[in-house]
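Asks: Below are the C-alpha cells for one structure; questions will follow.
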Amino acid sequence: MDKVKVAVIGPGNIGSDLMYKILRSRHLEMALMTGIIESEGIKRARKLGIKTSIEGVKAVLAEDDIKIVFDATGAKPHLQHAPLLKEAGKIAIDLTPAAVGPYVVPCVNLDQVKAEPNLNMVTCGGQATVPIVYAINRVAGARYAEIVACIASKSAGPGTRQNIDEFTQTTAKALEVVGGAKKGKAIIILNPAEPPIMMHNTIYVEVEKPDIEAIRASVEAMVKEIQSYVPGYRLVVPPILDGNKVTAAVEVEGAGDFLPKYSGNLDIITSAAVAVAEKLAQELQVKEGVA
C-alpha cells in the first residue's frame, strides 16, 4: 500500500514533533518540511533524509503529489496559506488558532467535518478539554463551560506565546461549537515551575441535569477514546458535583517523540492532527484504489 505524501509547514517545536509522529505512521509519508529560515528544525529534518525548503508554502505548492499539509506556523501566516492550499487541491490541517475551516476534535466530530478542505485543530487546551465538555453535555446539558489550561512555561515556544489571545478565543468558541456548551470561556496559565509540570486542565461545567452517575460514565468513556491516540491522557480528578456545577481535571503526559514528556500540551495537538491525517489518508487510499 502506497503511503499518502504529506508536508509540514513550520519546523518549530510542533512541526518537529509532527515529523517524528509522521515517520512512524503506516499511512503517511513525510515528503517535505518547509520553513522560511535555515532553522534547527530544517537541519533536523534534512539529517533524517527528508526533503526540506526555506521557501515556505511556495515549496509545498510546487509538489503536486503532496495531498495533506500540516500548518504549524501561526494564525496570521495560515490566513495567507489557506486559500493557496485550497486552490492547489491540498487538504490543510491547521495547528494554529486561525480557524479558517471547522474545528475538529477527532473523538468528537471528525466524521462530520472530514470532507472539508481545511480542518482546524482548535488548540492544545481545546483538544484536552472539549471532549470532556462534550461528554458532560451529551448526558447533562452544558449551560456554561470554563476551562483553565496550565502548561509548563518551558513548553511554550514563541508561536504559542504570540497566539495567547487567539488561544483563549478559539478554545472558548470550540467549547460551544464542538463541546455543546451554551457559553464557553478559556484561560491559559504558563507555569515557570522547575521541574516543569505536566499539562493540567481543570474543567468547570454548569449543567441542566445534574446526574453524577451518568456524567461520570460519559466522561470515562470519552477518556478511553482519547487515550486511543493520546496514551498519556489521564483523568486525574473524576467529575465532582456541587449543586449544578461539575468539576473535573485531566493531565496530559507527552509521548516524548521529540518534545519532553512534560510538553503534553503540544503532544496532544500533534497526536490529534496525525490521527485526523491518518483517517483522511486511509479514505484517499481507498478512493484512489491504492489500498
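Heads up, the Cβ atoms here are built off N, Cα and C, so glycines get one too.
Sharing the record's features from Swiss-Prot:
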- C124: active site, acyl-thioester intermediate (ACT_SITE)
- S155, A156, G157, P158, G159, T160, R161, Q162, N163, N265: NAD(+) binding site (BINDING)
Asks: Which one, from the binding-site residues S155, N163, has the smallest tally of other C-beta atoms lying within 10 Å of its C-beta?
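Replies: Each of the binding-site residues S155, N163 was scored; lowest Cβ tally within 10 Å is N163.
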Asks: State the three-class DSSP label for S155 (NAD(+) binding site), counting H, G and I as helix, E and B as strand, and everything else as coil.
Replies: helix
Asks: What is the separation, in Å, between the Cα atoms of G159 (NAD(+) binding site) and C124 (active site, acyl-thioester intermediate)?
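Replies: For G159 (NAD(+) binding site) versus C124 (active site, acyl-thioester intermediate), the Cα atoms are 13 Å apart.
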Asks: Quiz question: given the binding-site residues G157, G159, which has the greatest number of C-beta atoms lying within 10 angstroms of its own C-beta?
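Replies: Highest number of other Cβ atoms within 10 Å: G159.
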Asks: For the recorded NAD(+) site formed by S155, A156, G157, P158, G159, T160, R161, Q162, N163, N265, which further same-chain residues have Cβ atoms within 8 Å of the site's Cβ center?
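Replies: Output for this site, in sequence order: N13.
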Asks: Work out how many Å separate C124 (active site, acyl-thioester intermediate) and R161 (NAD(+) binding site) at their Cα atoms, rounded off.
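Replies: It is 13 Å, counting Cα to Cα.
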